[in-house]
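Enquirer: One structure, as structure tokens, below. Some questions next.
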Ligand SMILES: Nc1ncnc2c1ncn2[C@@H]1O[C@H](COP(=O)(O)OP(=O)(O)OP(=O)(O)O)[C@@H](O)[C@H]1O
Ligand SMILES: Nc1ncnc2c1ncn2[C@@H]1O[C@H](COP(=O)(O)OP(=O)(O)OP(=O)(O)O)[C@@H](O)[C@H]1O
Ligand SMILES: [Mg+2]
Ligand SMILES: [Mg+2]
């Protein structure tokens with residue numbers, strides 16, 4: 001196998017892991033850019049994965065065929081938004097500690113989804129299998145060396161993720177909405193005195209994060225597991241938070257960070273294909289993605305630039 | 001001045017905070033085309049009243065009329081729609097945003113769905129020109145001077161077409177030149193028919209520019225007077241409730257040996273900009289040396305270098321004859337250097353600590369505040385009790401969080417802490433920023449007391465008057481160097497101003 | 001989840017058969033025996049291992065009216081209190097499901113010598129415990145034979161959850177089977193490091209297929225779902241070589257379809273649970289007995305549905321090896 | 001944070017209680033929707049916790065590591081750091097204790113037990129210090145590093161156990177000898193796995209309190225946590241304090257692991273997935289408002305609910321997932337006290353004038 005094919009394949013494999021992270025990290029960005037910490041990404045992903053499993057199943061039952069996964073995505077968006085609404089109400093309206101209310105989401109999601117699945121499917125803790133998304137190659141682009149195999153023979157969700165990265169960047173940095181959202185995360189007092197409705201912007205930021213993390217969770221159900229169970233999401237939400245910080249709260253940065261995690265994951269798997277890897281204790285191979293991340297952080301990435309007002313509730317009367 | 005049409009009428013406004021009535025049935029009328037000054041001690045309730053007018057706070061009682069119509073202003077957006085603009089005491093600027101972005105935020109010009117940055121910049125540039133504000137639309141706030149930021153604040157209100165303007169202590173952080181420029185801008189604004197409420201502690205400014213003055217003390221209106229029928233002494237007396245002396249009683253200095261010696265100190269920033277460029281300076285025991293200069297000429301770096309908050313690249317810094325360059329902040333403090341920092345919120349205080357905890361911020365680890373590894377709460381509280389009394393720090397109690405205290409009292413707490421450490425060298429950076437005349441008087445008195453006790457005092461201030469009144473010797477800093485030294489009695493504002501602008505050889509006489 | 005399950009049982013690969021089909025005709029004598037069951041963190045609706053065991057009890061309940069209850073363990077610390085709940089509640093038999101419950105079962109059994117317990121997948125040395133283990137290596141050998149005979153590329157992949165004695169039996173038996181049937185074929189064993197990471201499974205599968213493998217045998221619980229998904233995607237996309245997955249613990253073709261499921265390595269947990277529970281009902285419980293369910297007992301093996309993809313030739317070969325193993329002519333390595 | 005003080009102010013003691021009540025009500029509503037009987041469920045929950053001395057002892061066992069990890073997360077929070085890595089620190093603590101207990105099993109108990117405890121605490125602390133050091137020296141956000149270190153710790157622990165201490169044919173270490181175990185009062189609690197770790201956890205809470213509010217080092221740490229710039233100005237070494245805070249935080253977590261090994265299991269498993277102690281710790285810390293005594297109370301609540309949940313499913317057939325909904329709701333109501341006050345307003349609370357901050 002020549003190096004270029006290999007690279008293309010590694011890249012392709014990278015995207016399997018990173019797509020869900022991209023969505024969720026983007027979600028995190030919208031919330032945190034508006035000044036609301038979102039440690040609840042994990043829970044929101046659980047909600048999304050759950051809704052995709054259930055939604056797609058019923059859509060299939062209703063005979064919607066190939067459209068079913070898209071129904072699943074829509075269900076994930078709706079449920080993700082509803083889940084994040086809890087976070088928004090607690091953190092923004094009731095000025096609860098943002099970290100705490102994020103944790104609440106994680107608890108409620110873990111409990112509610114499995115509970116509902118059991119109610120819906122006669123005690124089964126797993127949703128029935130669904131026909132998930134299939135990879136689609138994009139005709140001409142597919143033939144570009146490395147990139148073609150890497151990016152243009154992928155799931156619809158991967159294309160969607162890449163589009164959303166561009167869209168998010170555009171929305172955040174080129175539109176009035178983005179300017180206002182960021183101002184609210186940097187200095188709500190300033191935004192408020194200019195007539196920007198801090199509460200509303202923050203609600204929107206958090207709800208967008210619910211929608212995006214919901215799609216992130218759905219991606220896992222719809223491209224890797226084909227079913228939702230209690231452990232469909234196990235830690236990806238936290239990795240998405242890491243990707244968001246690693247990417248310095250920038251959509252393109254987050255894309256890079258998510259790809260990096262995916263790539264180091266792919267590397268770790270790839271190593272195992274070689275005979276010589278058998279002489280390395282397995283545990284050290286498993287560590288690769290995590291240790292690699294720390295090494296890259298130490299050597300390349302400097303201080304992170306969190307929005308200044310991140311984690312603070314806004315109270316015009318506060319001095 | 002058209003004394004007739006009131007554009008704003010505040011009627012019997014009352015606002016309570018826990019434990020305090022910030023505004024007690026305050027009424028105030030602003031006429032069209034008028035500059036109405038609001039005067040009062042720190043914590044008198046001026047900002048609170050203005051925040052109510054701007055919709056940030058809701059009054060507990062009272063009503064507001066704009067242009068004769070009763071209105072309810074429950075958020076700033078309403079205020080903006082009513083044509084009210086406010087420049088806040090603490091700037092409300094988003095640091096990583098550009099000037100343009102800060103100005104257009106909330107009413108961005110659009111092209112399609114995008115922000116039309118091009119036309120926005122053009123509009124900002126036009127406004128800037130129209131009022132002679134000289135700001136660069138594309139600079140980021142974090143990169144521009146305080147004076148510039150002040151002008152951006154003003155432009156925000158102008159951009160929104162406000163014709164009732166509230167300036168809450170706009171001059172507190174400005175250099176004399178900048179203040180002159182601001183005055184000119186205000187005159188231009190009223191000439192256009194706008195009306196202004198101006199809050200300032202500087203009586204000179206009030207006398208110079210306002211039409212009427214309302215004096216507030218402890219939340220109540222004491223009086224409203226026409227400016228041309230009053231004088232600074234009367235105003236000060238009304239405000240504080242006692243007579244205030246502006247003349248500082250100062251005996252001749254009794255100068256001793258050099259305490260602080262800086263020799264050829266150089267600091268270059270990461271991007272290669274020279275911040276301190278071979279700076280030489282000496283402060284002797286028993287004298288106050290004032291550093292005069294335009295903001296951004298190395299004052300901050302100078303202080304940080306002396307106090308150990310910033311490393312120097314070369315040169316020597318001696319305190320009491322001992323080399324202290326690049327020692328840790330703690331070592332330097334222990335070798336007898338006290339420091340009243342420029343930014344009291346950022347550096348001077350832990351706002352969520354109590355008064356008593358803040359008063360031992362630098363000494364908590366020494367006896368009697370600590371015994372072994374443990375804090376001695378009793379000693380800490382006793383110390384706090386003593387200082388609060390001695391320095392007249394007004395606070396409900398020593399357990400109160402500093403955050404809830406007024407700026408003036410916060411500053412007093414810092415000064416108390418630093419002076420009580422009994423340093424041989426006291427560095428005071430902008431020590432009276434934002435303080436009322438009464439508080440300023442007491443700060444000045446304390447600095448002079450220190451000098452009379454034989455301590456060396458280094459005073460850095462943008463307030464020329466303060467430098468002239470308090471210092472025994474003035475050193476002018478320009479582009480990271482001391483470019484000249486003069487004695488206050490031998491110079492005047494004009495001369496100093498020229499030297500600060502880098503033209504010392506045409507202006508004052510270097511002392512040495 | 002943020003409340004992660006502890007100690008994901010190494011043996012909680014998809015277990016047993018969903019339909020309770022022991023096929024025997026139990027004499028439906030009524031019984032009021034009380035049977036308890038303690039699961040590992042998977043719970044009785046995990047569509048695998050724990051579920052098979054529970055369904056066996058459900059079946060017995062409808063046949064002979066036994067009383068049955070289960071407790072799901074939230075973490076490994078719960079094993080002992082959960083077992084105790086039944087034992088001290090006077091249950092006639094308490095089932096411990098999973099390799100990791102071994103120590104807990106031993107402790108509870110020792111402390112309550114009069115209680116009867118039984119455990120799946122682990123051997124507990126106590127006079128009041130029956131232990132059931134499976135010869136996963138034998139079953140894996142047979143699916144290895146299938147793989148060896150079916151591969152077109154002579155490259156085969158194995159994906160384990162994490163290295164452990166049980167998974168090792170899968171791996172070693174499988175490799176031996178492949179080698180026996182097709183000495184030219186090579187098996188690349190890989191590990192996912194977890195039983196609950198389908199994304200890792202998918203990415204591993206993708207790389208194994210890319211490197212030329214056309215059959216993968218995942219013994220990695222939910223991680224294996226990702227493998228099925230990758231294979232389905234590849235076949236749908238119509239790649240040059242058709243790729244296969246070998247199911248584990250139960251007949252996974254029922255779930256993932258014949259399109260990708262070459263065959264499955266079944267573990268009849270349900271049979272074991274039903275048999276031993278019946279013994280208790282009949283008063284024939286033999287404490288201290290260790291049962292290893294092998295090919296001979298049909299405790300492990302291939303499902304009927306394998307016919308869909310396997311030629312008679314291959315099935316014959318499988319049968320041949322099966323007999324050799326049963327007769328002892330071939331000894332399948334276990335570690 | 002003056003939240004804690006507020007709690008002790010009369011009408012505020014009632015708010016958390018009502019929050020708990022509301023949480024239980026939400027749980028009840030969800031049960032009703034699912035067709036379960038909430039009264040039965042809660043009855044069995046309580047019964048499972050206090051029904052027998054054995055269960056009571058086991059509940060204490062359940063609470064103990066929660067106190068430790070709660071303290072760990074809370075301590076870091078107080079110093080301005082978010083330690084998501086208690087999970088990994090627990091594992092490293094376990095591993096170090098196991099290693100010591102197995103390697104020097106010949107030592108007498110009075111020596112081996114303290115050694116093993118110290119090893120566990122120290123190892124947890126050092127592991128956490130890696131994140132502290134990277135934050136102090138390189139400004140790397142501790143949230144990322146601690147997440148990455150969690151996974152690293154999981155695999156590293158497995159490596160150590162599998163390669164040096166594995167019990168043949170099993171998925172766990174060899175048994176730790178009696179000389180290295182710390183059980184006590186076992187007979188009082190009908191052989192429940194009660195151990196000295198509980199006492200030490202309570203002492204740790206007292207230490208937390210004394211250290212942070214009564215010592216000069218604690219004073220520094222709080223100053224750094226609240227305003228690092230001012231701390232620097234006052235001559236404190238911010239970097240050192242960050243490392244120190246992470247170290248102490250890690251020690252607490254490490255001890256959680258230690259006592260799970262030498263107090264509860266007496267061996268260490270090879271984990272296929274993280275046991276999740278650290279993530280519980282985050283919830284416990286936040287629920288306890290990052291105050292040591294609050295942490296103890298919230299660990300009790302959390303432990304009671306999780307241990308009792310088995311009773312719920314045993315007695316009333318309620319799926320154990322439900323308890324997560326209850327815990328989540330309680331945290332929600334405690335965090336969003338505004339809601340509780342709103343609910344209470346007609347009954348108790350005189351309307352407060354303008355709340356500040
Ligand atoms: N949000 C608030 N919460 C509690 N007390 C407040 C609040 N805002 C102001 N106060 C109190 O109200 C009083 C008036 O404060 P205000 O800021 O209006 O004073 P000021 O006249 O503007 O003083 P300065 O000259 O220092 O700016 C002070 O005692 C202050 O401590
Ligand atoms: N995305 C996030 N989610 C949750 N918590 C976060 C997140 N980002 C930061 N934090 C928390 O907020 C705190 C501030 O983070 P930040 O990276 O700004 O560090 P800092 O102490 O301000 O240092 P710096 O000097 O680099 O700005 C961190 O200690 C961390 O606990
Ligand atoms: Mg920061
Ligand atoms: Mg004010």
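Yeah, the Cβs are placed from backbone N, Cα and C, and that goes for glycine too.
Straight from TrEMBL, here's the annotation block:
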TRANSMEM  D:12-39  transmembrane segment
TRANSMEM  D:59-77  transmembrane segment
TRANSMEM  D:84-104  transmembrane segment
TRANSMEM  D:110-131  transmembrane segment
TRANSMEM  D:143-161  transmembrane segment
TRANSMEM  D:194-213  transmembrane segment
TRANSMEM  D:245-265  transmembrane segment
TRANSMEM  D:271-288  transmembrane segment
TRANSMEM  D:295-316  transmembrane segment
TRANSMEM  D:322-344  transmembrane segment
Enquirer: Residue list, the transmembrane segment (D:245-265) vs rest of chain: Cβ under 8 Å, 6 or more residues beyond ends.
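Expert: Same-chain contacts beyond the ends: 61, 64-65, 68-69, 71-73, 75-76, 78-81, 83, 85-87, 89-98, 101, 113, 116-117, 119-129, 131-133, 135, 142, 176, 180-183, 193, 195-197, 200-201, 204, 208, 211, 221, 224-225, 277-278, 281.
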Enquirer: What stretch of D:12-39, D:59-77, D:84-104, D:143-161 shows the most Cβ pairs under 8 Å to the transmembrane segment (D:295-316)?
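Expert: Looking at each of D:12-39, D:59-77, D:84-104, D:143-161 in turn, the most contacts to the transmembrane segment (D:295-316) are made by D:59-77.
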Enquirer: Ranking D:59-77, D:110-131, D:194-213 by the number of C-beta pairs under 8 Å to the transmembrane segment (D:271-288), which range is first?
Expert: D:59-77
Enquirer: Most CB pairs under 8 Å with the transmembrane segment (D:110-131): which of D:12-39, D:84-104, D:143-161, D:194-213?
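Expert: Ranking D:12-39, D:84-104, D:143-161, D:194-213 by Cβ pairs under 8 Å to the transmembrane segment (D:110-131) puts D:84-104 first.
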Enquirer: Which of D:12-39, D:59-77, D:84-104, D:194-213 has the most Cβ pairs closer than 8 Å to the transmembrane segment (D:143-161)?
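Expert: The listed stretch sharing the most Cβ pairs with the transmembrane segment (D:143-161) is D:84-104.
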Enquirer: Who are the long-range neighbours of the transmembrane segment (D:84-104) in its own chain, taking Cβ under 8 Å and residues 6 or more past its ends?
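Expert: Beyond its ends, the transmembrane segment (D:84-104) has Cβ neighbours at 65, 69, 72-73, 112, 115-117, 119-125, 127-128, 131, 142-143, 145-147, 149-154, 156-157, 160-161, 164-165, 173-174, 176-177, 180, 249-250, 252-258, 260-262, 267-268, 271, 274-279, 281-282.
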